[in-house]
Amino acid sequence: MEDSMDMDMSPLRPQNYLFGCELKADKDYHFKVDNDENEHQLSLRTVSLGAGAKDELHIVEAEAMNYEGSPIKVTLATLKMSVQPTVSLGGFEITPPVVLRLKCGSGPVHISGQHLVAVEEDAESEDEEEEDVKLLSISGKRSAPGGGSKVPQKKVKLAADEDDDDDDEEDDDEDDDDDDFDDEEAEEKAPVKKSIRDTPAKNAQKSNQNGKDSKPSSTPRSKGQESFKKQEKTPKTPKGPSSVEDIKAKMQASIEKGGSLPKVEAKFINYVKNCFRMTDQEAIQDLWQWRKSL
């Protein structure tokens, strides 16, 4: 439906041309155009008496078609050389065919204005633009190493945004783990320093009292290492698929930024699966119905 609307609303290129005519008692002016596809309009600006006009009443009349398609006559200006030799109409627009005549007076009367034409863009120029686009796409494919990626740029952008969010969450988790490990390492260093400060005499005294050699305590250090190894071995829970509402919000944000969503159902389903890791068929159908309602 969107493609058909684009075809109907083809771009128009407005063109303006000067218009002018002379009216006399026995000389009317007929303004008509050929049956072409362009829209024409006559915009009248000024009506003025000529240099040789007599000091008498001149009435200028226009005849055209009304809304119902019936002919209608209207008075444009009433002129007299000693009272009002010229009248400004300020852009009196009439759709052709139009007949301009001098209803009263001998003239001459001069009418000036603009002939407006709304010309559609040439089909040849559109074909040339399409050929240029095709040439650019072909050259881009040839220059891309390794055949290039077939994933559209907008899909890659959405996936990149999600990866950035995941990376931010992982960085936060790693920062928390580093803080915990620093605290444990600080606790481990305190007993180690105490054991270093103990003199050999005390160690010998303890060994004589117990009847066996004393061994330096390595429990805090070993616990810290074991906890750090556990943290390294513990796999992080993979992030599950986004909810339907979150996906709708992200799609809406992408549309507001100037992006677009696939119009074909199969492409849309692949887009949802690849970008949002969604595998629930009911949720995908819900998203497709929402996409069609846009």
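Heads up, the Cβ atoms here are built off N, Cα and C, so glycines get one too.
Taken from Swiss-Prot as is:
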| type | residues | note |
| --- | --- | --- |
| MOD_RES | K32 | N6-acetyllysine |
| MOD_RES | Y67 | phosphotyrosine |
| REGION | 120-247 | region 'Disordered' |
| MOD_RES | K150 | N6-acetyllysine |
| MOTIF | 152-157 | motif 'Nuclear localization signal' |
| MOD_RES | K154 | N6-acetyllysine |
| MOTIF | 191-197 | motif 'Nuclear localization signal' |
| COMPBIAS | 202-222 | compositional bias 'Polar residues' |
| MOD_RES | K212 | N6-acetyllysine |
| MOD_RES | K229 | N6-acetyllysine |
| MOD_RES | K230 | N6-acetyllysine |
| MOD_RES | K250 | N6-acetyllysine |
| MOD_RES | K257 | N6-acetyllysine |
| MOD_RES | K267 | N6-succinyllysine |
| MOD_RES | K267 | N6-acetyllysine |
| MOD_RES | K273 | N6-acetyllysine |
| MOD_RES | K292 | N6-acetyllysine |
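When Cβ neighbours within 10 Å are tallied across all protein chains shown, the highest count among the modified residues K32, K250, K292 belongs to K250. K267 (N6-succinyllysine) and K250 (N6-acetyllysine) are 18 Å apart (CA-CA, integer value). In this structure, of the modified residues K257, K267, K273, the smallest number of CB atoms within 10 A of the CB marks K257. In the three-state DSSP reading, K32 (N6-acetyllysine) counts as coil. Counting only same-chain residues six or more apart in sequence, none has a Cβ lying under 8 angstroms from the Cβ of Y67 (phosphotyrosine). Across the structure, K32 (N6-acetyllysine) and K257 (N6-acetyllysine) are spaced 48 Å apart at their Cα atoms. Taking CA atoms as the reference points, K273 (N6-acetyllysine) and K267 (N6-succinyllysine) are 10 Å apart. Rounded to a whole number, the C-alpha distance linking the residue listed as 'N6-succinyllysine' with K292 (N6-acetyllysine) is 13 angstrom. Looking at the motif 'Nuclear localization signal' (191-197) alone, the prediction's average pLDDT is 48. Reported as a whole number, the C-alpha separation between K257 (N6-acetyllysine) and K292 (N6-acetyllysine) equals 19 Å.
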